[in-house]
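Take a look at the structure set out below.
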Amino acid sequence: MARVVALVLLGLLSLTGLEAVPRVPKVQVYSRHPAENGKPNFLNCYVSGFHPPEIEIDLLKNGEKMKVDRSDLSFSKDWSFYLLVHTDFTPNGVDEYSCRVQHSTLKDPLIVKWDRDL
């Protein structure tokens, strides 16, 4: 009898409160080194604090997708996820760079522009 009660309680606990809450991604776009026109650099898009883990992240140059590398998907202590997408680039003062994020918590893609002065 005690075994049945324990199994029922375990079943009820598994149904309540364990479902993860969707979380909107936070996006940071930055270069590895201070921007200098004509000098090679690395552009990073760090996306954190999101759940569920399915996400699309693109770096854009003048609105066009760039070839990128990405870190492995990882999670924080609070079970939210984070990911780094990066590529090499050479700023020139004319081209516009941004990061586009698509996630189930967002109605429309989130686009964050790179601010060369940060």
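Note: Cβ is positioned from N, Cα and C throughout, glycine not excepted.
What Swiss-Prot says about this one:
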{"type": "DISULFID", "residues": "CYS45-CYS99", "note": "disulfide bond"}
{"type": "DOMAIN", "residues": "22-115", "note": "domain 'Ig-like C1-type'"}
{"type": "SIGNAL", "residues": "1-20", "note": "signal peptide"}
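Annotation for CYS45 (disulfide bond): same-chain Cβ neighbours under 8 Å, separated by at least 6 residues, are VAL27, GLN28, VAL29, ILE57, LEU59, LEU84, VAL85, HIS86, CYS99, VAL101, VAL112. Across the range of the domain 'Ig-like C1-type' (22-115), the DSSP-based residue counts are 0 helix, 51 strand, 43 coil.
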